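Below is one structure; the comments refer to it alone.
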Amino acid sequence: MHVVVVTGLSGSGKSTAIKAFEDLDYFCIDNLPVPMLPEFLALCEKDMPDIHKIALGIDIRERKFLKDYAKIFQDLEESGYRFEIIFLEAATDTLQRRYSQTRRVHPAASSQSLLVDAIHQEREQLRALRSRATRIIDTGTLSVHQLKAMITRTYSMIGDTELLSIQVLSFGFKYGLPFEADMVMDVRFLPNPYFVEALKNLDGRSEEVSSWVLRWTATREFVEEYGALLLKLIPLYIREGKRYLTVAAGCTGGKHRSVVIAERIAGTLRDHNYFVNVFHRDLHLE
């Protein structure tokens, strides 16, 4: 049984994530009281054997969550359950803007507190849980559709026999580092097609830009050597029980060089029969 706990900061996209898992045929429950979790999983195994994938949305609205989750998660692990924690977050100003747009009340807010204080309070309360997360996703630069697509790509092929799911991500340094990245490539040393007038308004998915970037010896050598490094490291990650690996390639704007490199690295890994998703985070920002 594959169990995913979706949690994180209020306003960071938990409901969107749960809907994405629902579309992937996960059995989904939002705000299940944490003390009921062991009993619920035991019931599924006993009376609902067709349920193999479960996604649970849990946050501070469930009052006993912060008090009970650590012991309950530990007990479940010792009982042999395989589960992971996805922690969603975003910058404080992003969360403020989202709450202002929806006019919803933050669950940690009171009539005497400001929204920003409620966000800081929740962030501090969830700090320990964040440190236990299997995956941390910063949704600040993602639209609702992009977050849903990211989860769909990552989990659509995951089953009980899957060893490692790999995501190769392109991004622009000018928009910030991707917090979910396990490894980051800085490819700003490569020749930049942005300064070629015929290529400036294209992106790295186009044949024209890809061919131009890959024409340089430095590019080809980098792709070959970094790909070889990953092929050596991935079996070690699998041996340690890692289930998800995010490799990020960054250039200045996230439109040209990083996109080409991400596609090539993903191709190298696919050639060796690894399941790989590619996500170009900042294409829409340029």
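The backbone N, Cα and C atoms fix where each Cβ goes, and this holds for glycine too.
Annotated features in Swiss-Prot:
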BINDING   Gly8, Leu9, Ser10, Gly11, Ser12, Gly13, Lys14, Ser15  ATP binding site
BINDING   Asp59, Ile60, Arg61, Glu62  GTP binding site
Open item on the list: Checking your reading of the structure: which of the binding-site residues Gly8, Gly11, Ser12, Lys14, Ser15 lie inside a 10 Å Cα sphere centred on Asp59 (GTP binding site)?
Closed with: Gly8, Lys14
TODO: Determine which residues of the same chain, besides Gly8, Leu9, Ser10, Gly11, Ser12, Gly13, Lys14, Ser15, have their CB within 8 A of the center of the CB atoms at the recorded ATP site, and list them by sequence.
DONE: Asp59, Leu88, Glu89, Ala90, Thr139
- [ ] Under 8 Å Cβ to Cβ from Arg61 (GTP binding site), same chain, six or more residues apart: give me those in sequence order, or none if nothing qualifies.
- [x] Asn31, Pro107
- [ ] Look up Ser15 (ATP binding site) in the DSSP assignment and report helix, strand or coil.
- [x] helix
